[in-house]
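Chemist: Here you go, one structure.
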DNA sequence: GCGACAG
DNA sequence: ATCTTGTCGC
């Protein structure tokens, strides 16, 4: 798939001020409400799939089959970014692609999409499947200008997108994230002064405990899930919960992560 | 000036 | 994100 809003394609040569201005326009175009075409709850599971090489399967495209959920993740080799996309349906891999692009700028908190966006869009250009929703590694609405990586990609491609991060970029959790919570726990993250584009108190995402140890004194940190585009905060969390299968990360993200690692071995 | 900051 | 062996705990 290709950009539907070419004017939002991340340009790493922009000045920092121009990047921030573009993010405000993207946040303006973003819809943090459900516009999915399927129910977040209606995502079937299957047991653990085999790993390693999978043949690319293509289902006879009916109209309202189980949703196609894509996971996107990046790996790096020097100044190259390897972006991998894995698409699942019914818990089975339907397609996977990868692309390599040079990174033009360093990692700057708040401007991640200008570093990784090019590689991600290059990978999407290779993708034949049209996913119903995309799980992007990083933040969506939980961002200084409500335009994190998931929002940037979702709006540019006009595809429903969800941000799945391992750490909190900004905002305030309604309860401390330093405690141990049972699986399924959702803690709202609300906007504070660091989120300059929306009223304080707005729920911009959730900390979601997708996995937790049974009893010991060891614990797993929650995931930070936020709407990217065309998804509400509640549905974003429900989607991640529905695609998680025994691991902290949802399957699409987990498989994209390992595929990116695998693909980067083939980079000179 | 200092702190804080996805990947 | 990345550099990396062993190790603690289920």
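Numbers here mean position along the shown chain, with the first residue as 1.
The backbone N, Cα and C atoms fix where each Cβ goes, and this holds for glycine too.
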Chemist: Which one of A:8-36, A:37-65 shows up in TrEMBL as region 'Disordered'?
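Modeler: Based on what TrEMBL states, region 'Disordered' spans A:37-65.
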Chemist: Give the distance between the Cα atoms of residue A:107 (site 'Interaction with target DNA') and residue A:137 (Mg(2+) binding site), rounded to the nearest whole Å.
Modeler: 14
Chemist: For residue A:107 (site 'Interaction with target DNA'), just give me the three-state DSSP call.
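Modeler: Going by the DSSP assignment, residue A:107 (site 'Interaction with target DNA') belongs to neither helix nor strand, so it counts as coil.
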Chemist: Taking the Cβ of residue A:73 (Mg(2+) binding site) as the centre, how many other Cβ atoms fall within a 10 Å radius?
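Modeler: There are 28 such Cβ atoms around residue A:73 (Mg(2+) binding site).
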